[in-house]
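Features as listed in TrEMBL:
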- 30-105: domain 'Potassium channel' (DOMAIN)
- 136-208: domain 'Potassium channel' (DOMAIN)
- 20-40: transmembrane segment (TRANSMEM)
- 77-97: transmembrane segment (TRANSMEM)
- 133-151: transmembrane segment (TRANSMEM)
- 157-176: transmembrane segment (TRANSMEM)
- 183-204: transmembrane segment (TRANSMEM)
Amino acid sequence: MADFECKEDELAIEVLFSSIPHLLSVFLASVFILLGAVVFRHLDESIANEPWCEAVLFSFSTVTTIGYGKVVPRNPSSQLFCAVYCLVGIPLIFIVFSNMGEFLAEGYWLMDACWNGDKELIAIHDNLPLKSLSLIIILHSLIGGIIFHFWIDSMPFISAVYFSFISITTIGFGDLNPNPDNLFHTLIIIIYLSTGIVVMSTLFGSLSNHMKIFQNYLLVY
């Protein structure tokens, strides 16, 4: 929780300065994913034979626990590195996602206060409204349907929506896999899935808080 004063001429500066540590953490996470792809290609011939964009996507899907299963480490050295990489990378990536979720919530309530004409915002809430989060998840999945049906892949539209939703919940059954043609497509996939995971994690956090409130209500009565 923090105190903020809502002034239009200072809002942009406020958002800019508050975004700097989050952008830095995203940069470090990106470097970690790229380094992982480099090491995996060096240790494992089967991954080295894959296009560079597939190696980067494999590194990303590993530390986000999506794990499509299309590309996997196949020798002892790459498997051992994968275990260590996950041990370090999974907490790192989800700390970054958690920070981005907090930044998203902070930005939402700041803008909400300013748009509603509130000069003083006493406190920043930790979570977004459930209705807003649910709507964002639906729109995000539909956008994924468009991306993976019309652009980056040629999945059937419903399958593409299903794939998008399953991916941002980090289930990753592996029945459907994205097939980027180049590094730009991989970057779009990573940005798309990362934003979805952030929103989905925020939704789970908000649902958890509501369930705790309901549980406390039941205990009282």
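Cβ coordinates come from backbone N, Cα and C, glycine included.
Because the structure is a prediction, the values reported are computed rather than measured.
Taking every listed stretch (20-40, 133-151, 157-176, 183-204) in turn, the largest tally of C-beta pairs under 8 A with the transmembrane segment (77-97) is reached by 20-40.
Ranked by number of Cβ pairs under 8 Å to the transmembrane segment (183-204), the listed stretches 20-40, 133-151, 157-176 are led by 133-151.
With DSSP states grouped into helix (H, G, I), strand (E, B) and coil, the domain 'Potassium channel' (136-208) comes out at 54 helix, 0 strand, 19 coil.
Residue counts for the domain 'Potassium channel' (30-105) by DSSP state, with H, G and I taken as helix and E and B as strand, are 60 helix, 0 strand, 16 coil.
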